């Protein structure tokens, strides 16, 4: 049996080489506190410097509980008091752990109802991404390079899966881009939709959510483009669709790479990430 534990120094009047150790059964069935000399600590125990905070241990125990019980998205978690009894910890420790798991999208609290297991989403995991990009221009360029690699690598599969309905939707999307570009207006929503339409027939919801989160993160902090007009952005998207409709995967990959290379070059020329007004942004990705 292995244990998780934490150390707590005893009162100074007591022998300094004694510590409290909290032993937690990995199955959450029991807990006990014992006192022992540091020299007597067995190898399976970790020293104070490596012991995680109790609320982090409880987070992992809750994750383990969800997996062992086979709980699915939408299933309720046991009440706070029962979890505290199950893990042998205070309700406050459970409360802290639940709040942390809410912030990462594992759980959600419904007022007056309880705590429930969430559907998986990239959103909580990537919520902090724009803040990191604002402080690190290299990370912004790397995000664009990642999008380029993923889209270019998947476009051949997308071409094979693409339905006539999606082709029609892409053409309509481009028509709207062109009309807005002719008026000198940006088209961020059409740009966002274009990249979703390209890959939606792959029937991979996780991929689409990831692409969308990348798009949102980029547009939250991308610097205003210099020398790149809405019409330039329109032509870049039109070239991608033309290449896809030609049936040539190599040409389609090259069109996507050219599109992103143009964006990368503008980032190099204007290296300060900032938040552009959404309604006037002409850069697209």
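From the backbone N, Cα and C atoms, a Cβ is placed for every residue, glycine too.
Unlike curated records, TrEMBL annotations are generated automatically.
The feature domain 'HTH gntR-type' is assigned by TrEMBL to 52-120. Note on the domain 'HTH gntR-type' (52-120): DSSP counts are 36 helix, 9 strand, 24 coil.
Among the features that TrEMBL reports, region 'Disordered' is placed at 264-285.
According to TrEMBL, the feature compositional bias 'Low complexity' maps to 268-285.
Over the domain 'HTH gntR-type' (52-120), the average per-residue pLDDT in this prediction is 90.
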